[in-house]
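What Swiss-Prot says about this protein:
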BINDING   54, 56, 111, 128  Zn(2+) 1 binding site
BINDING   58, 59, 128, 166  Zn(2+) 2 binding site
């Protein structure tokens, strides 16, 4: 059974560490090497793999130093993006074995064009595509691509744990409540999030089931969500609703 820990980095990043029972581990999106090296030393762990979702520096900045510290480490990442010291390029449909567990690679363009995610046994590492109560900004792709990527994630089993790369939950919930002020699950989640953050406890991972109740970007067919953007759209199809929500969030 794999154990997953969060290593905080920068102001709001999480570097996810995946550990097996014999002190071998992998990390996901190490934007900074030092907190990883400190954690590995403190817990006497050996780094065997680095998984990257996309090329932004706060996700790959620590890769070169980690490779220097662990020269035999495998660096897995998107085939279509410039990842330093990449050894194992991946794209949609590829599979990765990690400590006896198989992870399927999902192509998740939108935030960046080559963004990928890794889905294993009831767990998803999705970088900057899906956040709790929110989604990533569209820097390189199109709204249509981002909508399709989120739809791909939404089709996964609802018990899937979602390991996002940023602690954006509180600000995302504030926007979600602007969209759906009468959503009781969302109000309760706001209170839960505030309690956790007051204690400096991560709000992540989340679950896909929870996100379908509280995340407006996964609720684009909900009548209240559609109504909230009625003055911003000509068509009420889900992709148009998503696009309007994302534009609204950019201004929020």
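All residue numbers here begin at 1 and follow the chain in the order shown.
Cβ coordinates are placed from backbone N, Cα and C, and glycine is handled just like the others.
With the fewest other Cβ atoms inside 10 Å of its Cβ, the least crowded of the binding-site residues 58, 128 in this structure is 58. Distance from the CA of residue 166 (Zn(2+) 2 binding site) to the CA of residue 111 (Zn(2+) 1 binding site) is 14 Å. Residues within less than 8 Å, Cβ to Cβ, of residue 56 (Zn(2+) 1 binding site) and separated from it by at least 6 positions along the same chain comprise 112, 128. The residues near the Zn(2+) 2 site, meaning same-chain residues not in 58, 59, 128, 166 whose C-beta sits within 8 angstroms of the mean position of the site's C-beta atoms, are 13, 29, 31, 54, 56, 127, 165, in sequence order. The most densely surrounded of the binding-site residues 54, 59, 111, 166 is 54 (count of other Cβ atoms within 10 A of its Cβ). In sequence order, 53, 55, 59, 112, 115, 127, 129, 136, 139, 165 are the same-chain residues whose CB sits within 8 A of the CB centroid of 54, 56, 111, 128, the residues recorded for Zn(2+) 1 being left out.
Across the fold, the C-alpha of residue 54 (Zn(2+) 1 binding site) and the C-alpha of residue 166 (Zn(2+) 2 binding site) stand 14 Å from each other.
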